[in-house]
Amino acid sequence: MILVFTVIFIFLLRAELDALCCVFTAIMVTHKEFETAGKVPGLQVWRIENLDLKPIPKNLHGSFFTGDAYILLYTSNAPVPSYNIHMWLGDECSLDEGGAAAIFSTQLDDFMGGKPVQYRETQKFESTTFLGYFKKGITYKRGGVSSGFQHVVINDINEKRLLHVKGRRAIRATEVEMIWSSFNQGDCFIIDLGKDIYQWCGSECNRFERLKASQLAISIRDNERNGRAKLQMVEEGCEPDAVLEVLGPKTKIAPATPDDEKVETLNKKKGALYMISDASGSMREEVVAQTSPFKQAMLSHEECYILDNGMDRNIFVWKGSKANTAERKAALAAGQKFIKDRGYSDKTQIQVIPAGAETTLFKQFFSDWRDKNETTGPTKAYTMGRIAKVDQVPFDASTLHQSSTMAAQHSMVDDGSGKVQIWRVEGGAKVPVDPSNYGHFFGGDCYLILYTYNLGGRDMHIIYTWWGQKCTQDELAASAFLTVKLDDSMGGSPVQVRVTQGQEPPHLMSLFKGKPMIIHSGGTSRKGGQTQASSTRLFHIRTSSSGNTRAVEVLATAASLNTNDVFVLKTTSALFMWRGTGATDEEMKAAKHVEMFLGGNATPVAEGKEPADFWSALGGKAEYQTSKTLQSCIKTRLFGCSNKTGNLSVEEVPGDFTQSDLATDDVMLLDSGDQLFLWIGNDANEEERNGTPKLAKEYIETDPSGRRGIPITTIKQGAEPLTFIGWFQGWDPKMWDTDPLERIRARF
């Protein structure tokens, strides 16, 4: 690798640093790790090791050593390609590692044409965008590369560590000392002993925290131990001998304590706007507006700007498309210097944003923001980038087999062209699925999928265990038993991957050759056997922010429609393909596969031009989810309002939210742009019920974009109107008939 060194000033903000640090940046002709960057949708993670980039395997994404620095690249192709680069700094990473991370972040941005959005992340203060990649939580491990700690140890039966789990929406697990004094009564802890993993629950921790901690414990078992560890839940005071043997005689457990840091919540503070320039030879700044809301016309494409929201620990650096190269490349350094000069916390987040790729958080400070050719529906995660479409490089199985790095980065061992066998769990046994029905699943069932591919002349195997959202506990238990039995029959060599409906990994989706996953209602393990298909059927087609498309059968009524998606309706005498105003071409393409399966040529129906027999088939015309925010730049956002930490606080749900994110012991706030919903869970306490309306009012009054007077609708769990449930795909009115905690315990 040829390196040409030039000196630039990178101002690194570290808690222990009071002076500016000058470091060298290596401008590379290319870097071997950049060659695969952004080629496939999803997440790529690298750690800084000896001032170089080393890839982290896919199954270990979400684990970070506190003494290290990392680079993350997230690629989305829905509806157009876009990219996010994150520089993550652990609390104990060195100045050199932080400097190298800043350099590589800038180089990767330059390599990709300056189109990605760049984020500076710090431990425990990560952005919602970052946290959204890890819905099951993130783990902070003690140590780092300088201490000899590696990410590559899988199935380590000698592992001994204690993880302190915190958070209700964004789950963080921090490695702490393996002693009783590390515990407290208000939280959950994971005692990881390699072959055995114990989830310890304090006497004062609540049900939702137990639920989230269970998801993380399951993730550790499935990803770090490939499903081969035994997982148990332990209540305070009922510790088994194996735990006491490791921790020693039990001492008094500390009482519950409130969070040390107040959760950063809504956009409560105003912003200021500055233009930055190096025309005089040194970087200078000029005030454009002292307070938000701003006007979009204030931004010139020939300049770079800093939007100062530092009191809320956010700094945005906007790069005009015609700004000079030196200013654009120095954007991250300028943001770091700005933080230092203002005396802001070293935990302040930085977003470096190229023109055309503005994030939702940035645009909320402008009262009149409009995107050119905006087509993204409000129920989709907002696409960060707006760049020309790039050719997606198809997977070459032979190339992947030669490159373990590429396979690890994309969790794609090959292109999905190997041998596939699928069984459905029926009556406690696995029954083969006809290959003609591969890609079709029943939401009330469990499936085993065995994938076989060749690597270097040797057969390799993956067992995917797929759980439908409405499968029974008996089916869950049977599927787990059958997975172990299948694994044992193959000598314990397969990799085991456990998948829940709606969370399928890219490789599993690739097995269906570009077709959507079609999920039917009902299942086989029911009284009377196989569920019979209704004479009238309605399929809801939606593409997720990761680019995966699913068709889910929903109740065949007009209320199920959604203006942002595509629906296929079949009756005994007709077939319709309904396209909502906000639907994408990708969803229409997927709907064609549903049309073929249902056996006929569908009549195209545009929203607003429905024939009478269309409404008749749905039981009559009725209200369904539609919203003026379709053409708005505002992304639908979900917040949880809770006083479980002692003070009433609000925290945003990261990533693409689902019905499962509605905590029944909280009040939730859903912002759809043109109205605000307060959803009251049945188990929310009086302070949450009484205090949240005031928070909602403050949320609107302090909106940096200047929104005022939008309606606030209060609804109760179990009585949700169409205007609310339409934001959640596949809404299940019976979800809470069974205890969510009991459902997840069945997965232990």
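First residue shown is number 1, and so on along the chain.
Each residue, glycine too, has its Cβ placed from N, Cα and C.
Predicted automatically and left uncurated, TrEMBL annotations should be read as such.
Database features (TrEMBL):
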type   : residues : note
DOMAIN : 53-131   : domain 'Gelsolin-like'
DOMAIN : 171-242  : domain 'Gelsolin-like'
DOMAIN : 288-362  : domain 'Gelsolin-like'
DOMAIN : 430-509  : domain 'Gelsolin-like'
DOMAIN : 549-599  : domain 'Gelsolin-like'
DOMAIN : 650-725  : domain 'Gelsolin-like'
SIGNAL : 1-19     : signal peptide
Candidate ranges 171-242, 430-509, 549-599 - greatest C-beta contact count to the domain 'Gelsolin-like' (53-131) (under 8 angstroms)
171-242
Residue counts for the domain 'Gelsolin-like' (53-131) under DSSP, helix then strand then coil, are 24 helix, 28 strand, 27 coil
Along the domain 'Gelsolin-like' (430-509), what average pLDDT does this model show?
85
What does DSSP give as the helix, strand and coil breakdown of the domain 'Gelsolin-like' (430-509)?
24 helix, 32 strand, 24 coil
